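Asks: As annotated in Swiss-Prot:
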BINDING   Cys61, Cys66, Cys72, Ser300  [4Fe-4S] cluster 1 binding site
DOMAIN    73-289  domain 'Radical SAM core'
BINDING   Cys87, Cys91, Cys94  [4Fe-4S] cluster 2 binding site
Amino acid sequence: MVTVFDAVSDRAQRVRHPEKAHRPDTEVLRKPDWIRVKAPTSKGYQETRSIVKSHKLVTVCEEAGCPNIGECWDKKHATFMIMGEICTRACAFCNVATGKPNALDLDEPANVAKAVKQMGLSHVVITSVDRDDLDDGGAEHFEKVIFAIREASPETTIEILTPDFLRKPGALERVVAAKPDVINHNLETVPSNYLTVRPGARYFHSIRLLQRVKELDPTMFTKSGIMVGLGEERNEVLQLMDDLRTADVDFLTIGQYLQPSRKHHKVEKFVTPEEFKSYETVAYTKGFLMVSSSPLTRSSHHAGDDFARLKAARERKLAAAE
């Protein structure tokens, strides 16, 4: 995740996506004051970076260009991205490189577990690129990473942010059986945007995936997130909330889409903090246990603190029902 500046960074200007090379440049809008963040320079940031590099790990923080990297890494929080740094999908919003992935690193589960222990993480988030090239979409690798972390750091809670495992029968079941504490799968945007923003995915397949998690394990916490500013209408966001509640999703995150480069989908609108607060208020009335809605909200931002609040919210709900 790179720091957000007014100009597109040199890194963002490099075309990491061959499929986007033919696209015309889109205008990169000047970011409003409420989205400015400082460049990461702290000692904690440098220490986290050193640990990540020493174990030859990939983080979505760097690969996706997250604006919160300075804050998170200063606190020694990081989201590990497993199964390589090359994705088989070509989403119009994403800065992760697209192409033919390398073979899985068989040492990665152990290396992630070592890093988690070295960083002293009480809560860790594990995500991945899409691996449509693998028969199980990478489900077994997720399982191995979860087991390795459990063995090395049994007190650490584990949150996984999964791909959709489209056309990978049995993959989700294997991941749920590995017993992470939270399963997150992001819808990313409203269904009317899928053909242009997330063409390799299917909106209702993602809804069904989240619903299936609860069928397999009703006690599992589920989570999903979207970006706004991609041209969606407010009523579409509210309908998406209803779809997620139909799937009994516990936690919703809503953040501002930020354009990684001129070859990516343009920012149609910078949603104001007041509008984000309104979304949060409505989402709580629809029954979500937890909602995080702000311009800089990201799926794994403050994930550890949010998990503690999520557990407390469920306990209050259960107590009220007695």
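The chain as shown is numbered from 1 upward.
Cβ coordinates come from backbone N, Cα and C, glycine included.
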Asks: Here's one to test understanding: among the binding-site residues Cys87, Cys91, Cys94, whose C-alpha is closest in space to the C-alpha of Ser300 ([4Fe-4S] cluster 1 binding site)?
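Replies: Result for Ser300 ([4Fe-4S] cluster 1 binding site): the nearest of the binding-site residues is Cys94.
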Asks: Run through the Cβ atoms and count how many others sit within 10 Å of the one on Cys94 ([4Fe-4S] cluster 2 binding site).
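Replies: The answer is 24.
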Asks: To the nearest whole angstrom, state the Cα distance for the pair Cys94 ([4Fe-4S] cluster 2 binding site) and Cys72 ([4Fe-4S] cluster 1 binding site).
Replies: 20
Asks: Please report the DSSP secondary structure of Cys72 ([4Fe-4S] cluster 1 binding site), reduced to three states.
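Replies: Its secondary structure by DSSP: helix.
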Asks: Within 8 Å of the centroid of the Cβ atoms of Cys87, Cys91, Cys94, which other residues of that chain place their own Cβ, given that this set defines the recorded [4Fe-4S] cluster 2 site?
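Replies: Sorted by sequence, the hits are Arg89, Ala90, Phe93, Asn95, Val96, Thr98, Val129, Asp130.
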Asks: Measure from the Cβ of Ser300 ([4Fe-4S] cluster 1 binding site) and count the other Cβ atoms within 10 Å, all protein chains considered.
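Replies: Here the count is 29.
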Asks: Cys87, Cys91: which of these binding-site residues has the highest Cβ count within 10 Å of its own Cβ?
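Replies: Of Cys87, Cys91, the one with the most crowded Cβ is Cys87.
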Asks: Do you know the mean pLDDT across the domain 'Radical SAM core' (73-289)?
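Replies: For the domain 'Radical SAM core' (73-289), the model's average pLDDT rounds to 96.
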Asks: Take the C-alpha atoms of Cys91 ([4Fe-4S] cluster 2 binding site) and Cys72 ([4Fe-4S] cluster 1 binding site) and report the distance between them in angstrom, rounded.
Replies: 25
Asks: Can you count the other CB atoms that lie within 10 A of the CB of Cys72 ([4Fe-4S] cluster 1 binding site)?
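Replies: There are 25 such Cβ atoms around Cys72 ([4Fe-4S] cluster 1 binding site).
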